[in-house]
Amino acid sequence: MVAETVSLGVLSLPAAVATLGLVPSIILILVLGVLATWTGYMIGQMKLKYPYIMTMADAGEVLGGAFGREFMGVCQILFLIFIMSSHLLTFTVAMNTITNHGTCSLVFGIVGTIISFLCCLPRTLEKMSWLSLVSFVSIIVAVFICMIAVGIENPGSGVVAVAKTDLYHGFSAVCNIVFAFSGHAAYFGLMAELKNPRDFTKSLCLLQGIDICLYLVASLVIYRYAGDGVTSPALGSASPLVAKICYGIALPTIIIAGVINGHVAVKYVYVRLLAGTDRMHKRDWVAVSLWLGIAAALWIIAWIISAAIPVFSNLLSLITALFASWFSYCLGGVFWLYIYKDRLTSPRMIIFSIINLILIGIGLTICGMGLWVSGKAIHDNPSSASFSCANNA
């Protein structure tokens, strides 16, 4: 679970700390992490009550029938496509850094799209746990090298306890912190892999504990020494040579984690289209062509998004507003209210109902405000010119 959730989110946190300051950032990482633990726990409770739930689409069917299934299925696919696009965007940033902007950024994006598409061709991802582990080790090593490098190279400047910022920049930073806790859409599938689904709670607590500690250490150390010169993604905060090394080491994460999300999206659409037929497990030209067509279509859409929004933090803010606000915060409260809808009369349950309604309100606020800040950033930022050859590193 740790390997599945720790990916690009950690790279946006140091810049968020620089925007907010040390104290607000520590509080937000802790509070949002605890809230994400609670909503993750409610996903686990939903799975235990309805064991046949395997995806968010299945949960949508429980909540809202056939419409709920289709709606949640579409939302999950769109979420995965946007995650794929964030990995393609990071690939272009990495290649621009490694090659000193050796060619047009669009070319790097197309190369990343082709590589990801080719990796998605097998219809089964055997040894996925090992691929996830490689991805996890890759990003951890890259981040720690960056931490050590900035600690040696930089004395730190502009480090403040509470930064002076406005609502627009401040909430944009909040969205980037929320993105780091956006793994909830995968929890139903991960829970299905456990021999004893009731072990999910222990795994979740361990996961969130590791995530919170890692996010705090990485973001605070890099900000402490990079100061107001911190970048997003954070690997660019080191010297040019070390940044090249860090991005080179992080390439497995950038590619593998994106491919895993892409494979899940392709398989969902493939199974949905062939449900009720005998072609699903066949290898005839119809089944193979359908798989290839779906994979090509989804990766092309992901590339278009990455080229249209070529600024890392802006894209993460948009993903947070559209999807993470719902999957990581709103739905946990909705699941609780649905599970206990017939037991809301006691004072204790009323208090819990209020808490979960507040949680839903927090998710809606993140969604609404996140759409505003991400839309404004995409519109106002001159460096975010869509479909540009410019260096986005």
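Each Cβ is built from the backbone N, Cα and C atoms, and glycine gets one as well.
The domain 'Amino acid transporter transmembrane' annotation in TrEMBL covers 3-373.
According to TrEMBL, the transmembrane segment annotation covers 20-44 (among others).
Residues 84, 87-89, 91-92, 95-96, 255-256, 258-259, 262-263, 266, 291-292, 295-296, 299-300, 302-303, 306-307, 310, 387-392 of the same chain lie 6 or more positions beyond the ends of the transmembrane segment (105-121) yet place their CB under 8 Å from a CB of it. Look at TrEMBL and you will find 105-121 (among others) tagged as transmembrane segment.
Same-chain neighbours of the transmembrane segment (128-150): 2-4, 6-8, 10-11, 214, 217-218, 221-222, 225-226, 234-235, 237-239, 242-243, 245-247, 249-253, 256-257, 260, counting only residues six or more beyond its ends whose CB sits under 8 Å from a CB of the stretch. Summarising the annotation, TrEMBL assigns transmembrane segment to 128-150 (among others).
Per TrEMBL, the feature transmembrane segment maps to 170-192 (among others).
Annotation source TrEMBL lists transmembrane segment at 204-226 (among others). Listed by sequence, the residues of this chain that lie at least six past the ends of the transmembrane segment (204-226) yet keep a Cβ under 8 A from its Cβ atoms are 1-2, 5-6, 9-10, 13-14, 16-18, 22, 25-26, 29-30, 33-34, 36-37, 40-41, 44, 140, 143, 146-147, 150-151, 153-156, 159, 180-181, 187, 234, 237.
The list of residues near the transmembrane segment (241-264) in space but at least 6 beyond its ends in sequence, with Cβ under 8 angstroms from a Cβ of it, reads 4, 7-8, 80, 83-84, 86-88, 90-91, 93-94, 97-98, 112, 115-116, 119-120, 125, 128, 131-132, 134-136, 138-139, 141-143, 145-146, 149, 153, 186, 189, 235, 295, 298-299, 302. Taken from TrEMBL, the feature transmembrane segment covers 241-264 (among others).
Feature annotation from TrEMBL assigns transmembrane segment to 285-309 (among others).
Under the heading transmembrane segment, TrEMBL lists 315-338 (among others).
According to TrEMBL, the feature transmembrane segment maps to 350-373 (among others). Long-range Cβ contacts of the transmembrane segment (350-373) within its own chain (Cβ-Cβ under 8 Å, at least 6 residues beyond either end) map to 35, 38-39, 168, 171-172, 174-175, 178, 317-318, 320-322, 324-326, 328-334, 336-337, 340, 344.
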Folded-back contacts onto the transmembrane segment (285-309), same chain, C-beta under 8 angstroms, at least six residues removed: 81-82, 84-86, 88-89, 92, 106, 109-110, 112-113, 116-117, 120-121, 123, 262, 265-266, 269-270, 273-274, 279, 315, 318, 378, 384, 386-387
Chain residues outside the transmembrane segment (315-338) and at least six past its termini with a C-beta under 8 angstroms from it: 8-9, 12, 35-36, 38-43, 45-46, 56, 59, 62-63, 75, 78-79, 82-83, 85-86, 89, 172, 175-176, 178-179, 181-185, 305-306, 309, 352-353, 356-360, 362-364, 366-371, 373-375, 377-378
